[in-house]
C-alpha cells in the first residue's frame, strides 16, 4: 500500500515538473515576441501573458514543494514499516484501545498547507476572488466549478433561443420580425460569452491537479456552500452599492477590427441589466451604482469593447451577493473583536487560571467604525484574463435587528412542512432551494420550488411528480400487489466510484449538483448516469432507458392492467346477478336504537365514575370494546355493582373532595384567570388559580383553528406525551402537567406554576458567577439526561426556557419542539430551534441526533458564564453564518476547565462533540468542569442553591415581562367555527394527572 502511494506521488511530481517546463517555455517565447511587436495593444497583451506565466510557475513550484515533502514522509514511513514491529505496550485500564477521532491518522499538514488545500479556510469574496490572492488549489477548484456550471447554463440558454427562433421563423408579422432580430443579437452575444467561458475553463483545467488524500479540497466547503444551508446561497434583500474604478490586463479586441475601441462595463443583477458605465479609452471610470435589491442572488459584470455599432465581450466577473454580505460581516466582526483580552480557546487555555476572578463583559463597541469604512475595496479577477478594481458595499434589510453585544430574547423557528403529495409510496413535499437542480424525471433544470420525497429524496418538478410511477424504495419491505405493474426491464447499472469530477454534473436521483472533486459519487459505465453514492441504491434498474421513457411505459402498463381488471370484475358481477342471492336478508344482530343509546349512556357513566385502574381490576377485558365483551344483561349487572358501591361509599364518612378529585375532569370553569405571563409563536400562557384548592397554575392556551391551519395537531399530541413522560417520575427539574382539557375553540395545558421567572430575566439583572452557572448547568444536564433516556431530544434549550423556582432550583419548560423516538443512533432532519442555539448539522439540514442538545448546552453554558452569546449577528442569516464559520473567543483570564468544556461542547463535528458518543450525558458529567459534583445529591435537591428569588406575594408576577403581565387576562372571542371532522382531531386530548387528584 505504501509503495503504491509513493508511486502515485512520483507520477504527480513528474506531471507538475512537466507543467513548470511548459510555462517556462511559454514565458521565454512571450519575452522574445515582445521585443519585435510594434502594436501597443499587442505589447500590453504580451506583457500580461508574461505575468500570467510567472503566476502559473509560482503555483506549480509551490505544489512541487508540497509533493516532495509528502514523498519524503512516505519514504520515512515505508522504512519504518520495513523494520520489525516493537513490542506491544501493556494497555492500562483507563487507556483507550483506539485512537481518538480527533487525532489525525497521518502526519498533519502545517497551517499554510491546510489553507492552501482547503476551501473551507478561505473567505470566498475576500480571498478566492481577489486578484491579489496567489493561485492555489482552492482557488482553482472554486473557479473551475463555477465556470463549468456557467457553461452548462449558457448552453441551455442558447438552446432555448434556437427553439424560440425556429417557432418565429415562418412568421412574417412586423412584431415577430423585430423579435427575431432581437433573438439573433442575443444569440451572437451568447456565442461570444460562451467563447470567454470556454477559454476560462481551459485555463483552469490546465491548472487543476486533482485531489489528494491530504487535501480533501471540497468535502467541507461543498457541504457548507452548496448544501441545503438556509443562508449559504439564499437570496438577500438590501441596498447594493458598487463603484467601478479601473481595469488592468484585459484582452482587448484587436485593433484591425476595432479602430478606436472604447471599453464599457455592464452590470446585471440575476441576469437583468441594471447599469452601464460610460465608455472609456483608458480602462478607468468613476461610475457609481446604487440599487435596492429584493431577494437577489448574483451580480455579474460583463466588460466589452465597443466601436461604432460593434461590440465584443472581453471579460466576465460574477459575485454572489450572499458572499459579499458575509465578507462584510466578517470584516465588521474583526474590527469589533480587536481586543487582546479575548482570544481563541487554545490561547485562553494557556493563560487561563482556574481561580480567575469573574470575567467582565467584552466592550464590542469600543473600536466600531462607521458602516462606510466596512466596504470592500479590492482588485478582482476577470475571466478569462484581467482584473478590475471595485468598491462594494451591501447593507442588509433587517426586519428586526438584534443587539450584537448583549443577550436578548429570541423566538424559536420551525420549518413548516407543507402539504404531502403521496404518489406510489413517495411522500412529495414542496421545498424551496436556492441553487439550480435537475429534475430526476425529465432532466430539465429546476429553480426555487422543487417537489422532493421526504423518504428517498427523489426530486422533480411540480408538473412531473404525478408522472412518477416507480415506487419509493425506502418504503418497499416485501412483495406487493403493485409488483405486477412493475416494468420487467431489470438491467442494473454498473456503478463505479468517481474519484474526480470535472465539469458540471447533477445527481440523477436527488437533483443536486455534484461538487468538483467530490468523492461520494458513482457513475454507470454503460449509460453514463451520475449520482451520489448514498442515492445509488434508490435508482431503478433501468440502465439504457431514461426515467421519462420508463415511467411512460409503466403508466401504459398500469392503464392496460386496470382495463383488464375492470372487464374481469364486470364479468364476475354479471354471473352473480344471474345465479346467486344474498345469504342473509336481515342483520345478524338486531339491536333497538333505544337500547343502543342506553348502552352508550351507561358506558359514559361507567368511564366517568371510575378510575381506569378500578375497571381493569374488575375485568381484565375492559380494554376491549364494550360491545364485543358484554351483552346488555351483564353490562347492567356490572353497572348495578358499581352503583351499589357508590351508594355504600356515600353512607360512610369520607373527607371532602373537590370536583376534580371526584370526576377526574377539569374545565375552564375550574379556574380564575389572573394574569398573562407570556406569548409565543403558538399561543399564550396565563396565570390561573384553581377555585377549589386555591393552587396557582400556568395554563398554556392554543387556538384550535391556529393549530389546524399550521398542521400542528400531531405536535400538540406529542407535547402532551412528553409531559406525561415528565410526570412518570415527577422529575424535579422538569415542569410537570396538572391536566389538559379543551373547549369548542381552544385547547389548554395546565402546568406547574414557577414564579421565579426565567434565567434570561435574572442574567439581564446581574451576571452569574461561575459557581452559579455551574449549579444551573448541573440541573439542566440532569433534565436533558432524563429526556434522552426516554428517547426524547429537547431542541430548544435556552435561557428563556429555564424557569427558576422559589427554592432556587430550576425547571425546564416548553416542550413544543421536543422530538420523540430518538433512541441511540436514531436521527431526524427537521429544521427548528432558536438561531443562536441551533447546531451546525441542523443549519446544514443534515440528519442529526441527540448531539444537538449538547451543542445547545454548550451555548447555554457560554452565555451563563460570560453574559453574551458566542455567535454575533444582526439577523438570523448572520447568526447562521457565525455558527458555521466564526471562531469562538474567550476571555484570556477565563478558567481552563470552563474554556475546555465550552470548546468540547461547541465542536462543529457532532461525532467529536462532548456527549455525542454512546455515553451521552455521562460523557459530559465526567468532564473536569464538573469535578466534585455529587450527582445523586444534585438530583435529590440536597445541594443548596446559590441564589433564592424573592416575590412579594403568591400571585406576584414581577419576575415576568411587564409587556405581558399588564395585559387584561381575558380570552379574546374566536369567530371561526370548527367542523365535526376537525373537532375529531382533538379527540382524547383531556387528561388529569394522578397527583392532581391525590392518587
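Cβ coordinates are placed from backbone N, Cα and C, and glycine is handled just like the others.
The stretch that TrEMBL tags with region 'Disordered', taken from the ranges 34-70, 71-107, is 71-107. Summarising the environment of residue 700 (ATP binding site), the number of other Cβ atoms within 10 Å of its Cβ, over all protein chains shown, is 23. Secondary structure at residue 700 (ATP binding site), taken from DSSP and collapsed to helix, strand or coil, is strand. Remark: secondary structure over the domain 'AGC-kinase C-terminal' (931-999) totals 18 helix, 2 strand, 49 coil, with classes taken from DSSP.
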